[in-house]
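Q: One structure is given below, represented as structure tokens, and several questions about it will come after.
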Amino acid sequence: MPRVFSGIQPTGEPHIGNYFGAMQNYVKLGNLYGKNSIYCVVDLHALTSPTSFDRELLAQRTFDMALANFAIGLDPQKVTFFVQSHVPEHQELSWIFTNITPVGDLERMTQYKDKTEKLESIPAGLLMYPVLMAADILLYKADTVPVGEDQTQHIELTREIARKFNHAFGETFPEPKAEYNRQALRIPGVDGNGKMGKSKGESSTIGLLEPLDSIWQKLRVAPTDPARVRRTDPGDPDKCLIGDYHKLFSDLPTIELVYQGCRTAGIGCVDCKKLLLQSMTEHLTPIQERAQELRGDPDFVRDALSQGAREARAIAAPIMEEVRTKVGFLKL
Ligand code: SF4
């Protein structure tokens, strides 16, 4: 059975892009592979972003990310779900990998170049980010990593690190492969300004747990197909982000109504947006209610994370012991 590993950035409240692009896939893989689906809220990685140097904010965001995943139906009894800093072996393996990874390879990473382009002083953690990521994956001998295509280079480096370690110290790690979620759509931002993303600010995102009246305020002013200048002008839902959202949230009869109504100018954009809000309400309300319940029972989340860390360490400890032996650390 494949062993799946995925790291989840503790960005606080996830948005619907995260939900359709990754979180739903976690539930699906969890149903297929059970405890061999290993998911980790990567709070150590978050430290590479200067905005994470806020003790309470980092802890709160880590907690909220776990809560949101449980609220959408990820069952911590079924999968292995934990927080990265609760399993110190990640850092130990990362240090060993740091010593077999050329600085030049790390400097060539596109994400590193993008993130450091405007920085006057570059934290070493940004350079080492992909090494820690390789340790996250290989610590569990995971062979399958569900990621976005922007992570291709990092997975290739992970494979390279596995090869180097195996060559230097004997066959130990598998070479993991990236699994791209072909269903994952590039969810457009609600401001019509490219892909939905936290880095683009609140105006671009629709939070999974955002109050529905706040969602409506964003939908109300969202751009539509520019061809529909007047109410009587026909449009094309395939050129409209509201049309894209309908494809994610609405049932088939509503989608057919929108396509037909838009192309014949039979419905106006406000009515179309109201239909969307209705579909979103039906989809998001049970998730938001479950999140509310979990907020009232924080011990559920904390207990699940403690249990998850124990399960993760039970897998990681013997692998780390094998690594220590192969590297040649003194045993007492
Ligand atoms: S009717 Fe709907 S899909 Fe068509 S342009 Fe207006 S908002 Fe977009």
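For all residues, glycine too, the Cβ spot is worked out from N, Cα and C.
What TrEMBL says about a protein is an automatic prediction, not a curated fact.
Pulled these features from TrEMBL for this protein:
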| type | residues | note |
| --- | --- | --- |
| BINDING | Gln9, Pro10, Thr11, Gly17, Asn18, Gly148, Glu149, Asp150, Ile187, Lys195, Met196, Gly197, Lys198, Ser199 | ATP binding site |
| MOTIF | 10-18 | motif ''HIGH' region' |
| BINDING | Asp136 | L-tryptophan binding site |
| MOTIF | 195-199 | motif ''KMSKS' region' |
Q: Name the one residue among Gln9, Thr11, Asn18, Met196 whose Cα is closest in three-dimensional space to that of Asp136 (L-tryptophan binding site); these are the binding-site residues.
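A: So, spelling it out, the nearest of the binding-site residues is Gln9.
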Q: Per-residue pLDDT averaged over the motif ''KMSKS' region' (195-199) comes to what?
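A: Residues in the motif ''KMSKS' region' (195-199) carry a mean pLDDT of 76 in this prediction.
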Q: So, in DSSP terms, is Asp136 (L-tryptophan binding site) helix, strand, or coil?
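A: For Asp136 (L-tryptophan binding site) - judged by DSSP and reduced to three states - the answer is helix.
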Q: Please state whether DSSP places Thr11 (ATP binding site) in a helix, a strand or coil.
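A: DSSP assigns Thr11 (ATP binding site) to coil.
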Q: Radius 10 Å, atoms counted are CB only; among the binding-site residues Thr11, Asn18, which position scores highest?
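A: Highest number of other Cβ atoms within 10 Å: Asn18.
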Q: Taking DSSP three-state, what's Asn18 (ATP binding site) in: helix, strand or coil?
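A: For Asn18 (ATP binding site) - judged by DSSP and reduced to three states - the answer is helix.
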Q: Quick one: among the binding-site residues Asp136, Glu149, which has the most Cβ atoms sitting within 10 Å of its own Cβ?
A: Asp136
Q: In sequence order, which same-chain residues at least six apart have a C-beta under 8 angstroms from Ile187 (ATP binding site)?
A: Ile16, Gly17, Phe20, Gly21, Lys195, Met196, Asp244, Leu248
